[in-house]
Structure formats: C-alpha cells, structure tokens
Amino acid sequence: MTIPISEQIEIIKRGCSELLLEDELEQKLAQNRPLRIKAGFDPTAPDLHLGHTVLLNKMRHLQDLGHHALFLIGDFTGMIGDPSGKNTTRPPLSREQVAENAKSYQDQVFRILKPEQTEVVFNSAWMDRLNAADLIKLAATHTVARMLERDDFGKRYQSNKPIAIHEFLYPLIQGYDSVALRADIELGGTDQKFNLLMGRELQKHFGQASQCVITMPLLEGLDGVNKMSKSAGNYIGITESPGNMFGKLMSISDELMWRYIELLSFEPLRVVRQWQQDVGNGRNPRDIKVLFAQEIVTRFHSRQDAEAALADFESRFRRGGIPDDLPENILQAGKEGLPIAQLLKQTGLTASTTEALRMIEQGGVKLNGEKVSDKTFRLSCGQMVIVQVGKRKFARVTICEEK
C-alpha cells in the first residue's frame, strides 16, 4: 500500500530540527522511486552511543518508507578531522586508525539499519582518484569569505586562532561526496548544516538536482544538559550490557524521557501521543519509561534480554522503595576515578568522608542496589549510578571527566 506523501512527510519530519526544502522533498517523493539517503560518519570514535543513533534512526524511518540508505564512512575525511563546532584544529587520524574504527562501525550499524536496503560506502573510493588539479578545481568553487560564514571558522578568525588550510577542504569534500553518490537527501546534526548545504551547492555546480537536507538535533546526555558524549560521561553505549542500558534509561528524568522517545523510539506517533495523554490523566511516567527502556534494549540485544533486565531492575530498585524524583548530581573525576567516600560527601549523603567510611563498614551504602564493602572503591568516568545510604537517602550520580 502506497503511503500518501503528506503522511510520509510527517514521518520524515518527526524529531527533525529542519527540513530544507519541503516542497523539493515532496517533488522527489512524487517520483515514486527509492530515494538515495546519505549520512556520513567519520570513524573517529569506534563505539556508537545513543546520541549517534539519532541519524541512524531517521535513516531507518526512511528505509521503512522504501528508500535506500547510503551509510558513508568518511575514511578519507577522517584523516582530515571535521572542525565543525571546534575552536581548535583537530588532529587527523592515521589510515590504520580509520580502517580499524570503520570496521567497528559496520559491525554496529546493522543493529538499526536494514542490510538489504543499505549500501556501506567509503569516500576514499572516489577521493583517492582525484589528483591535485581536481582538488584545486574543487577548492575554486568557493571563496574564503564563504568559508568564514561558518560559525566556528568565523569565531576562530575573529579571535586570531589558527585555521589550517586543509580544514577548509572538509566541507568541500563532504559536499563532493553528495555529488559522487548522487544523493537525494542528506542527514546530519544541526552543527553540520553548513556542510550539508555545501552538498546542495556542489550538486548544482556539477549539473545534478540538489539534495534535500534534514538536520537532526543533538541528543542530550543522561544529565539532560550537555550533548551526549563519552568525554562528558553522560552516554549510553549501544554495546553496553542489557542491565546497564536498561538502568541508565530508567534513570533519566521524566521530562528528558519524552525527548528520548521522540528521537529514539520507533513507536508510531499515535502511540506516543496516547502515552502523553495517559500521563496527563495520572498514569505514572515510570510505566512509560519501562516500555521505552524495553524497546531500546530489545533493539540492541533481544526481547529476552529486555525482560531479564526489567526483572533485575524491579528486584533491585522498585522493591527497595527508591523514590521517583531522585536528586541529580554530576561529579567530576580524574583518570584514577572518584573515591566512593568523596562521592558520598559531595552529594551530601554523608556529612564527611569519615562518616562515609563508617557507613560502608556498617553495610549501609549501596550502588545500583548492590552493597558496597570496599572502602577504596572508585567510580570511573562514564558511570551512572543510583546511590543509597541507609534506608531513606538516595541520589542519582553521573561521573564525568575532570575539566
């Protein structure tokens, strides 16, 4: 059954920040053919977290509508380093690092994308064939003034911070990727808008129909404030154990839950709207959070793993009388981690480290429902825990890297 274009547009726009241009997309959809959907990933971080999957989820939505995904691994651009949103020059990766990280990407993306509707491509396939003259011709299509329109370049120029010449090539090469792939739509984060529009301009320059651009928001981490990232310690990795994944999802605030559902859930919009109506009529948001956490764990593991994670969570937490609205704490730690006694003092669960050590000796401290007996225990960056002292004191704590 053919889905009306208006309904397709609604599905495509779900959760997106911007769609450029909607009338052009309607014209492409009216051609009634599989569109070529491009999203590029520089293999700088081999392990994906849920923040990375926002783009992949949108690609999956488009696949469900019958379109073809072009999962572009920027092995060539990865050796340049994308400067988007950065105030300093990023060091390039070696070809060996890029190859190793690219393999890890391929092992993970098919947990979301349909393999039969996905083409994994590497931009070195066409970029390695360009000679010096070709690159100079590509660079000649745009001016330095145009490049300085990009926010991060402009700020660095105004503050006299260095901009390497090769960094100007990055948006040009990303744009040329769209030419090489004849992309109909390109997806990217809001911080990539300049580069995505570069693809439209270069396609027009090379006599192609310009791609539509869909920008997706950057997913907030567990703290609900900063972008999800490993360095901030507020992430959920897609290869984490079912129990860790489930527990972290259950730890997010009720407000953040709706944001995660909008960007990460595959449940139909009518179902999500019904959930919102139910909560408005008095249903406990925790019930919805359980359904959402089970969906995500099932996607990256299995239904059986999700059910086991729920059972474990209920046995350790819900029967332990943990309140719904736990205070949120974001604590910093160095490479050695944060000592448990310092954590208890900094969160105010104990008045001093001496009291903290005494409570541990007495068996009155739990992390994620498990009793702590080691007074020298340290929590590492990236950990998210629910801490309990005695029967009535609780806190939710995220450990991030010391700045």
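Just so you know, glycine gets a Cβ as well, placed from its N, Cα and C.
Among the ranges 23-32, 43-52, 183-192, the one that Swiss-Prot lists as motif ''HIGH' region' is 43-52. Annotated range for motif ''KMSKS' region' in Swiss-Prot, selecting from 57-61, 227-231, 362-366: 227-231. Helix, strand and coil content of the motif ''KMSKS' region' (227-231), in residues and according to DSSP, is 0 helix, 1 strand, 4 coil.
The 10 Å shell around the Cβ of Lys230 (ATP binding site) contains 17 further Cβ atoms across the protein chains shown. Across the domain 'S4 RNA-binding' (338-399), the prediction's mean pLDDT works out to 87.
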